[in-house]
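Following: one structure in structure tokens, then a few remarks.
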Amino acid sequence: MKIHLDRTSSGFCIGVQGTINVAEDKLQELGQLYSYGDVVHNEVEVKRLEALGLVTVDDAGFKQLSNTSVLIRAHGEPPATYTIAAENNLAITDTTCPVVSRLQRTTRLLFQLGYQIIIYGKRVHPEVIGLNGQCDNCALIIKHADLSDPKELEGFEPSAKTALISQTTMDIPGFYELKANLEAYVARVNGSAVEPWMAIRDIDITADMSKVRTMPRYVFKDTICRQVSSRNQKLHDFSLANDVVVFVAGKKSSNGQVLFNICKAANPRTFFIEDIEEINPEWFAAHEGKAVESVGICGATSTPMWHLEKVANYIEATYANSESIIAQ
């Protein structure tokens, strides 16, 4: 049985890796550092950093801090967080992902131009909370691309200027499905023909451009991170190429759930674990009279490579025969 470890489409994305690198450097310098929320949605990595001196605080804990150093993670934060930090004399180490920072600016500018903001994403996701803060927490947040949840449309004004954006880790097909459904919904409510929403670029929404160019009433900007979304097809193909797939991610990881579902759709014998204690020996038993010849190990953008290696080594040592190798 061969163990295939995916090193090209698994492991930290650039944004998360940057946060981890800065956290490690700060911990070496200071000995202790507070993180506002889990530094990454991976419990195993959080515990590793906590052993180095990282202290995770929630909303209540953050508000009680003063005269100390706090890490802002890659997901980003709303403006209110920085206001509290200034009031409490907190030294902020800001590791907001550059992709998220640009999206926050886009959201803020669109709101200033009078657009009601629709975010394709998950209401409780920290990135979405940060985005919503850029527009005074007035955004409509829609998770269901088919508009199956009427509550998500409460407060929507179909005749008003509207801009659709997305949480960076959502799926591309879902975003465009939502756009099409919103176009049809607006036309139906307004009693008009379907009006395609116009794609915009960052340059289109700067203050200077808006003075010389009329902005359309309905616009959208595909803000899904391509470094993340490009992994979809690669992990799909990786899953097809192996008899069994062990997908490693934190249970809180939004990206992990998306990628796991992609792997599972490609290969029904895909199993989700957070750590090696959850591995079931039956996964590697013969299936329909055929022995398992290959096991693929992959994970989310929030899964550290060292942990994927740990899982691969464990499966090799415990379940593979003596002739197996870890293929890279």
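Every residue, even glycine, has its Cβ placed from backbone N, Cα and C.
Secondary structure at E127 (active site, proton donor), as computed by DSSP, is helix. Residues or ranges marked as active site, proton donor in Swiss-Prot: E127.
Per Swiss-Prot, the feature [4Fe-4S] cluster binding site maps to C13, C97, C225; the stated evidence is sequence analysis. According to DSSP, C225 ([4Fe-4S] cluster binding site) is assigned to coil rather than to any helix or strand.
Around the Cβ of H125 (dimethylallyl diphosphate binding site), the same chain contributes H75, Q167, S254, each under 8 angstroms and 6 or more positions distant in sequence. According to Swiss-Prot, the feature dimethylallyl diphosphate binding site maps to H41, H75, H125, S253, S254, N255, S302, an assignment based on sequence analysis.
Look at Swiss-Prot and you will find H41, H75, H125, T168, S253, S254, N255, S302 tagged as (2E)-4-hydroxy-3-methylbut-2-enyl diphosphate binding site, backed by sequence analysis. In this structure, S253 (dimethylallyl diphosphate binding site) belongs to neither helix nor strand by DSSP; it is coil. In sequence order, H41, N42, A300, T301, S302, T303 constitute the residues six or more apart from S253 (dimethylallyl diphosphate binding site) in its chain with CB-CB distances below 8 Å.
If you look up Swiss-Prot, you'll see H41, H75, H125, S253, S254, N255, S302 marked as isopentenyl diphosphate binding site, on the strength of sequence analysis.
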- Task: Find the longest CA to CA distance in the recorded isopentenyl diphosphate-binding set H41, H75, H125, S253, S254, N255, S302; express it in Å as a whole number.
- Result: 14
- Minimal Cβ count within 10 Å, across the recorded positions H41, E127, C225, S254, S302, points to C225
- Restricting to the same chain and to sequence separations of six or more, state which residues have a Cβ under 8 Å from that of T168 ((2E)-4-hydroxy-3-methylbut-2-enyl diphosphate binding site). C97, V99, V100, L103, E127, T223, I224, C225, V228
- Quick one: Cα separation, C13 ([4Fe-4S] cluster binding site) versus N255 (dimethylallyl diphosphate binding site), in Å? 11
- Task: Using Cβ-Cβ distances, find the residues under 8 Å from N255 (dimethylallyl diphosphate binding site) that belong to the same chain and are at least 6 apart in sequence, listing them in sequence order.
- Result: H41, T169, V228, A249, A300, T301, S302
- Query: When neighbour density is defined as the number of other C-beta atoms within 10 angstroms of a residue's C-beta, which of the binding-site residues C13, C97 has the lowest density?
  - Reply: C13
